[in-house]
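Below is one structure, written out as structure tokens; the observations come after it.
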Amino acid sequence: MKRPFVIGNWKMNLTLVRGIEFAKLLKDSLHGKDGIMCGVCPPFIFLKEICKILEDSNVCVAAQNIHSEKYGAYTGEVSALMIKEVGCTHVLIGHSERRHIFHEDDSFINAKIKTALSVNLKPIFCVGEMLDEREAGRTKDVIRNQLVRGLRDVRADQLKEIVIAYEPVWAIGTGKTALPEQADEVHSFIRNTITNEYDKNLAKSIYILYGGSVKPENAKELTDQSEIDGLLVGGASILFESFLKIIEVVSKG
Ligand code: 13P
């Protein structure tokens with residue numbers, strides 16, 4: 001049984017002052033609690049400060065995005081090297097808001113994953129179907145395509161460094177959580193796809209997180225499912241008390 005991994009995606013929320021306060025509180029609250037694995041994804045502009053606070057703590061810091069190139073004439077973009085330099089260990093790649101609001105496609109996502117790996121940043125690779133795709137019975141096709149295309153040319157030894165997050169688009173920010181069994185079924189499908197594309201042991205060891213309207217009230221029943229290794233939390237991660245509560249309830253075992 002893996003230790004549950006809980007990550008908070010702050011999206012475009014909080015202020016630097018509140019982010020710093022949050023990081024200090026989190027560090028202090030989790031000090032000495034060895035069984036806990038968690039992280040936060042602050043906006044770019046907060047990363048340097050938050051990484052400094054959480055250095056030598058059991059909380060990792062992830063960026064919310066990177067560009068696929070390491071440097072160059074890409075006005076307004078931030079590179080994997082820059083994220084790494086300020087102390088991030090992880091980066092979200094392929095979040096549904098990037099896919100749907102900013103029209104990022106699978107090949108761009110694949111390029112970002114390979115760039116992140118090349119500088120030793122761990123990708124948190126997000127996949128998920130839209131409501132119409134689920135209703136048309138296409139969930140598994142969509143997830144398989146996102147996985148296979150997003151992981152094109154990623155070797156088994158590199159896949160070990162990746163965390164996968166299943167976030168059904170219809171459950172994000174809607175208050176409509178996937179039923180634990182519904183999420184578990186897709187997680188199991190993801191693991192089978194990894195088994196087919198790579199091998200069974202790797203599929204077993206990889207972390208697969210669930211995201212979509214996670215709250216303190218439903219966190220435990222989700223992570224109680226055999227295939228759900230942790231949670232990617234949006235709205236409930238920007239309130240310190242609710243994020244801490246989620247970490248506490250899932251870490252109790
Ligand atoms: P919510 O928890 O607000 O539904 O967001 C989920 C998410 O997108 C995390 O990346």
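The backbone N, Cα and C atoms fix where each Cβ goes, and this holds for glycine too.
Noted in TrEMBL for the protein shown:
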ACT_SITE  H95  active site, electrophile
ACT_SITE  E167  active site, proton acceptor
BINDING   N9, W10, K11, G173, S213, G234, G235  substrate binding site
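Where TrEMBL records a feature, it is marked here on the structure.
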residue: N9; record: substrate binding site; DSSP class: strand
residue: H95; record: active site, electrophile; DSSP class: coil
residue: E167; record: active site, proton acceptor; DSSP class: coil
residue: G173; record: substrate binding site; DSSP class: coil
residue: S213; record: substrate binding site; DSSP class: coil
residue: G234; record: substrate binding site; DSSP class: coil
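Sorted by the number of other CB atoms within 10 A, the binding-site residues N9, S213 start with S213, the lowest. Neighbour counts of Cβ atoms within 10 Å were compared across the recorded positions K11, H95; the minimum falls on K11. Listed in sequence order, the residues of the same chain lying 6 or more apart from G173 (substrate binding site) and placing their CB within less than 8 Å of its CB are S213, G234, G235. Cβ atoms within 8 Å of the centroid of the Cβ atoms of N9, W10, K11, G173, S213, G234, G235 (the substrate site) belong to the same-chain residues N13, I172, V233, A236, S237, I238, site residues excluded.
If you compare every pair of Cα atoms in N9, W10, K11, G173, S213, G234, G235, the residues listed for substrate, the longest distance is 14 angstrom. The distance from the Cα of H95 (active site, electrophile) to the Cα of N9 (substrate binding site) comes to 10 Å. Reported as a whole number, the C-alpha separation between E167 (active site, proton acceptor) and N9 (substrate binding site) equals 12 Å. For the binding-site residues G234, G235, the ranking by surrounding Cβ atoms (within 10 Å, all protein chains) places G234 first.
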